[in-house]
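Trainee: Annotations for this protein, taken from Swiss-Prot, read as follows:
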- 5-58: domain 'ClpX-type ZB' (DOMAIN)
- C17, C20, C39, C42: Zn(2+) binding site (BINDING)
- P121, T122, G123, S124, G125, K126, T127, L128: ATP binding site (BINDING)
Amino acid sequence: MSDNKMKDSDSGKLLYCSFCGKSQHEVRKLIAGPSVFICDECVELCNDIIREEMQEQGAAVGDKLPKPHEIKKILDEYVIGQDRAKKILAVAVYNHYKRLEARNSKDEVELAKSNILLIGPTGSGKTLLAETLARLLNVPFTIADATTLTEAGYVGEDVENIIQKLLQKCDYDVEKAQTGIVYIDEIDKISRKADNPSITRDVSGEGVQQALLKLIEGTIASVPPQGGRKHPQQEFLQVDTHNILFIVGGAFAGLDKVIRDRTEKGGIGFSAKVKSKEEKGPVSRTLSGVEPEDLIKYGLIPEFVGRLPVVATLEELDEDALIQILTEPKNALTKQYGKLFEMEGVDIEFREDALRAVAAKAMERKTGARGLRTILEQVLLDTMYDLPSTENVSKVVIDDAVIRGEAKPYLIYENSDYQKAAASD
């Protein structure tokens, strides 16, 4: 309050709210500024207006948030198969971001966070599903490898480094990072080495699970500022992880055996029934019956399993699914190579038998969809090396003989018949 106004007040002159005109005696509090006054009632009214506007903005965001059906439809464009996993993810992600909107309301019901566990073999699409979700929702996204994490104080990455990576993805915008998605891969590799708690320190197994617990559940993580390293005198960025969606995934090799041990009560000795591979059925069918107790027996600590209420199992990809992956998604490998060759002014054709041969090879290697690019890179290496220096090539044709290594890719030259690249050999 200025000296004149203080004198006015001291001399007994009444002061009035500049907004509603009420005197200082009609309100509980009158706040003074430079040449202006505002009463507590007007402050409360302003707060109500701001709160209503924030709720309207939240509703507008809700309109933009894709519905579960729309989320699944977009996932279908990039990921082949895995329908049940897509449905589970679509519902979980939709509910997570609806939960963020609910924070602005005065409702007493607080919605809990539902982090997600993805279980599926290598190359089944776990990482791609998480990446596609983040791109669809336009939120910061980062991938962390659980095998590189150790407890604080040991050589390796602290769990806080995950949040630092997320901050880097959004130029250290803390508000934006607090609504991001984190995917932690290879989570099965930090399982406890034995079913019973160990008396020795397990810095990359149970210790990391303990360190991840608070981060996943929700805590205030202290992260060094941009480009900084941790030291005692440094000011840290405070990131609230309560609203960050954590998706963790792993292959969980051997989990199917743990599930079968629980579900199949066979006899002992000569009366025991030994089932063939065909009778056991596909591993993915067994994994779909996973229960929290199976994950605990596998080596995840009970508290960690409890922080992952949504569990989605992915199926092992068969040959037909791998062929679809090669051709159908928006960013299918055959389309990517088509674009690369188009930049050289050349068309590339993958025959049907070539696609089947690539899928069969990936099945043999047990690498899933991840192995498809490796196979095509090996097959096309020499062609991609020579093509920029070769003139008059209009088309490259790949058949099953090329994939099996029995022939080199066929080159079609302008105004000529098929000529094998190896014709001069």
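Glycine is treated like the rest: Cβ placed from N, Cα and C.
Since we're looking at a predicted model, the values are computed, not measured.
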Trainee: Give me the long-range Cβ neighbours of C42 (Zn(2+) binding site): same chain, 6+ apart, Cβ under 8 Å, in sequence order.
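Mentor: The answer is C17, F19, C20.
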Trainee: Can you count the other CB atoms that lie within 10 A of the CB of G125 (ATP binding site)?
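Mentor: Summing over all protein chains shown, G125 (ATP binding site) has 29 other Cβ atoms within 10 Å.
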Trainee: If you count other Cβ atoms within 10 Å of each one's Cβ, which of the binding-site residues C17, C20, C39, L128 has the most?
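Mentor: Comparing the binding-site residues C17, C20, C39, L128, the most crowded Cβ belongs to C39.
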Trainee: Could you check the binding-site residues S124, T127 and say which one's CB has the most other CB atoms within 10 Å?
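Mentor: Result for the most crowded candidate: S124.
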Trainee: Just to verify: the residue among P121, G123 with the fewest other Cβ atoms within 10 Å, which of the binding-site residues is it?
Mentor: P121
Trainee: Within 10 Å of the Cβ of T122 (ATP binding site), how many other Cβ atoms are there?
Mentor: 15
Trainee: Could you measure between K126 (ATP binding site) and C39 (Zn(2+) binding site) for me? Cα positions, answer in whole angstrom.
Mentor: 57
Trainee: Could you give the Cα-Cα distance between S124 (ATP binding site) and C39 (Zn(2+) binding site), in whole Å?
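Mentor: S124 (ATP binding site) and C39 (Zn(2+) binding site) have their Cα atoms 63 Å apart.
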Trainee: Between C39 (Zn(2+) binding site) and L128 (ATP binding site), find the distance joining the two CA atoms and give it rounded to the nearest Å.
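Mentor: C39 (Zn(2+) binding site) and L128 (ATP binding site) have their Cα atoms 56 Å apart.
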Trainee: Summarise the model confidence on the domain 'ClpX-type ZB' (5-58) as a single mean pLDDT, whole number.
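Mentor: Average per-residue pLDDT within the domain 'ClpX-type ZB' (5-58): 78.
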